[in-house]
């Protein structure tokens, strides 16, 4: 049945996140901060979760355009911390419309394979990794998203009942193009963890259909952040031709406007009919590298 609401094709209405209430884990730096700024500047109330109180407070003080960035210190991989944060938001606001599970780590250093690398050298590098570091990469990049989703389901459900926005409640999980690339740009553990969290999110999209809670995946390419600072700096010296090959066909890394465009589309009425989708924002990188996407 079609909606009885008269549709608006005005961009300011279609992409509006005014009155939206969001939670962003890992929201104080990098892509998370880009998402937070885009949402808050356009009228959303945004709770940001992170471990470093001083960084959270600085973001709330310096980046909020409307005073609606609320810092909540906590570790998104800790169930007690998540329970405490959910209780706080439940008491203060009572609902959320959007969860952005963005917290993650880069994992071990990549295993480099050059034309001169011998099989014995490769085997040595693969075998030398501490199993606990491999496991930690999965625990943070997959487990943190899993427990964040589980923790905030009641508040997302409450958002549907609140009806303060037209679109139904949603969780957006930050993955990576590393989930799809066959030439690993990071360690195998990182790429595999991002492939895992991508598939898990698709399963949630299917499993929770009847509850009207949507799930989508954001898969960025190279964006500037604390994790990618060294990579971005090393690419500054490349020629335009090399940048088009190694960074993206567009010859640059992503920026705040690129990420803002993605999140405003997904989080607003414009993205209300999306669930179970993967949104790749990589300047075309996957289109010119071996990948399974």
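The backbone N, Cα and C atoms fix where each Cβ goes, glycine too.
Every protein chain shown contributes to the tally, and the Cβ of residue 175 (active site, proton donor) ends up with 28 other Cβ atoms within 10 Å. Following the DSSP three-state reduction, the secondary structure of residue 175 (active site, proton donor) is coil. Taken from Swiss-Prot, the feature active site, proton donor covers 175.
Taken from Swiss-Prot, the feature active site, proton acceptor covers 190. Mapped onto three states, the DSSP output places residue 190 (active site, proton acceptor) in helix.
Marked as active site, lowers pKa of active site Tyr by Swiss-Prot on the basis of similarity to another entry: 194.
The feature NADP(+) binding site is assigned by Swiss-Prot to 31, 102, 190, 194, 225. Less than 8 angstroms from the CB of residue 194 (active site, lowers pKa of active site Tyr) sit 141, 175, 176, 178, 179, 219, each of them six or more residues away in the same chain.
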Quiz item: How long is the line from the C-alpha of residue 31 (NADP(+) binding site) to the C-alpha of residue 190 (active site, proton acceptor), rounded to the nearest angstrom?
Solution: 17
Practice problem: Looking only at C-alpha atoms, tell me how far residue 190 (active site, proton acceptor) is from residue 102 (NADP(+) binding site), rounded to the nearest Å. | Solution: 14
Quiz item: What is the Cβ neighbour count of residue 31 (NADP(+) binding site) at a 10 Å cut-off, with all protein chains included?
Solution: 28
